[in-house]
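Worksheet: the structure to be examined is printed underneath.
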């Protein structure tokens, strides 16, 4: 079966991106674009694709950015999951934010490092109790015979932690993606898109325009 999609074509109509528009810091530029994405009609602007590799196998999935600062971009997961095992084997990763409503995307390349337990605890404590229980109930990436098994485990956790606070699992926490390259892409007419990349060189960020 062949499905022909060559007729699916639309022109990009948003305004362009010039060198003079850019913040000197990629984090400042990301913050500006992220704020604009939040105001746009985007369902989940913090959703990002996380690409990993391990033993010549490429993995990709969507995770949620929980916060960022001048040190990197933080997400949370189960440390026993398939993605975490890949990260332990090869910490080099890439992120992609596809803000298609704005005809934009941001690509980030770098490496991951675990955040501290205290930092993970601070975020875990802010989550709804049901989400905290879900972290305990799910053995992420393991095989399930049915959804009923997962729901039964969730009910067990509700009983186990019915009194008091839900503790942070020792197998759950955050990773920080430390960026080495951050590219900002803005769609333009005739596919002559604007691309600017920030590259870290001897502790300083260098900005360069790339051909589309």
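Numbering starts at 1 and runs along the chain as it is shown here.
Glycine too: its Cβ is placed from the backbone N, Cα and C atoms.
Residue 76 (FMN binding site) counts 18 other C-beta atoms within 10 Å of its own C-beta, drawing on all protein chains shown. DSSP assigns residue 76 (FMN binding site) to a strand in the three-state reduction. What Swiss-Prot lists as FMN binding site is 61-66, 76-77, 82-83, 105, 140-141, 185, 195, and the listing cites sequence analysis.
Under the heading substrate binding site, Swiss-Prot lists 66, 123, 127, 131, 191, 192, 193. For residue 131 (substrate binding site), the Cβ neighbour count at a 10 Å cut-off comes to 11, with all displayed protein chains included.
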*So of 105, 141, which of the binding-site residues has the fewest other Cβ atoms within 10 Å around its own Cβ?*
141
_What are the sequence-distant neighbours of residue 66 (substrate binding site), meaning same chain, six or more residues apart, C-beta distance under 8 angstroms?_
46, 74, 75, 76, 123, 174
*Top Cα neighbour of residue 65 (FMN binding site) in the set of binding-site residues 127, 191, 192, 193*: 127
*Measure from the CA atom of residue 131 (substrate binding site) to the CA atom of residue 82 (FMN binding site) and give the result in Å, rounded to a whole number.*
20
*Cα distance, residue 127 (substrate binding site) to residue 61 (FMN binding site), nearest Å?*
22
